[in-house]
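J.: Here's the feature list from Swiss-Prot:
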ACT_SITE  His12  active site, proton acceptor
ACT_SITE  His119  active site, proton donor
BINDING   Lys7, Arg10, Lys41, Pro42, Val43, Unk44, Thr45, Lys66, Arg85  substrate binding site
COMPBIAS  1-13  compositional bias 'Basic and acidic residues'
DISULFID  Cys26-Cys84  disulfide bond
DISULFID  Cys40-Cys95  disulfide bond
DISULFID  Cys58-Cys110  disulfide bond
DISULFID  Cys65-Cys72  disulfide bond
REGION    1-24  region 'Disordered'
Amino acid sequence: KETAAAKFERQHMDSSTSSASSSNYCNQMMKSRSMTQNRCKPVBTFVHZSLABVQAVCSZKBVACKBGZTBCYZSYSTMSITBCRZTGSSKYPBCAYTTTZAKKHIIVACZGBPYVPVHFBASV
């Protein structure tokens, strides 16, 4: 079974590129990372930084998560991210996404030993 940490890496990490390569980036990535298998995942964010830098956020600024939980952390620095959002005309199994690049602080929830990101909460 996929661990929460491995799921975070599959759904949110793309260290191989510094930004989205094209407007088709989200359509390709959402499919290749298995987020369009049983339904179209409506929203997802990819982080274009090293895994070590993203894992380090777990020891950075302690903040509340959107759901009120307290295990969230905000990155001290901005990170290169790509937001993927399902389009209005998207219909499973033909999931379609808009690709939006940004530089923002990320907020992640962390757990475990080693203490690593398991949930992408928000970007600010």
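Cβ coordinates are placed from backbone N, Cα and C, and glycine is handled just like the others.
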J.: Which number gives the other C-beta atoms within 10 angstroms of the C-beta of Arg85 (substrate binding site), all protein chains shown included?
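T.: A count of 14.
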J.: Indicate whether Cys84 (disulfide bond) is helix, strand or coil by DSSP.
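T.: Note: Cys84 (disulfide bond) is in a strand by DSSP.
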J.: Which ones, of the recorded positions Cys26, Val43, Thr45, Cys72, have a Cα no more than 10 Å from the Cα of Cys58 (disulfide bond)?
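T.: So far as Cα distances go, the recorded positions lying within 10 Å of Cys58 (disulfide bond) are Cys72.
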J.: Which one is it: of the recorded positions Cys26, Cys110, His119, whose Cα lies the shortest distance from the Cα of Lys7 (substrate binding site)?
T.: His119
J.: Would you mind reading off the Cα separation of Cys95 (disulfide bond) from Cys65 (disulfide bond), to the nearest angstrom?
T.: 28
J.: Which recorded positions (His12, Cys65, Cys72, Cys84, Cys110, His119) fall within 10 Å of Thr45 (substrate binding site) by Cα distance?
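T.: Checking each Cα against Thr45 (substrate binding site), the hits are His12, Cys84.
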J.: Closest of the recorded positions to Cys65 (disulfide bond), Cα to Cα, picking from Cys40, Lys41, Cys84, His119?
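T.: Nearest by Cα distance to Cys65 (disulfide bond): His119.
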J.: Cβ atoms within 10 Å, counted per site: which of Cys26, Val43, Cys58, Cys95 has the most, among these recorded positions?
T.: Cys26
J.: Using Cys72 (disulfide bond) as the reference point, find which of the recorded positions His12, Lys41, Val43, His119 has the shortest Cα-to-Cα distance to it.
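T.: Going through His12, Lys41, Val43, His119 one by one, the closest to Cys72 (disulfide bond) is His119.
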J.: How many other Cβ atoms are found within 10 Å of the Cβ atom of Lys41 (substrate binding site), counting all protein chains shown?
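T.: For Lys41 (substrate binding site), the 10 Å Cβ neighbour count is 17.
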J.: Can you grab the distance from Val43 (substrate binding site) over to Cys110 (disulfide bond)? Cα atoms, rounded to a whole Å.
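T.: A Cα-Cα distance of 20 Å.
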J.: Give the distance between the Cα atoms of Lys41 (substrate binding site) and Cys26 (disulfide bond), rounded to the nearest whole Å.
T.: 11
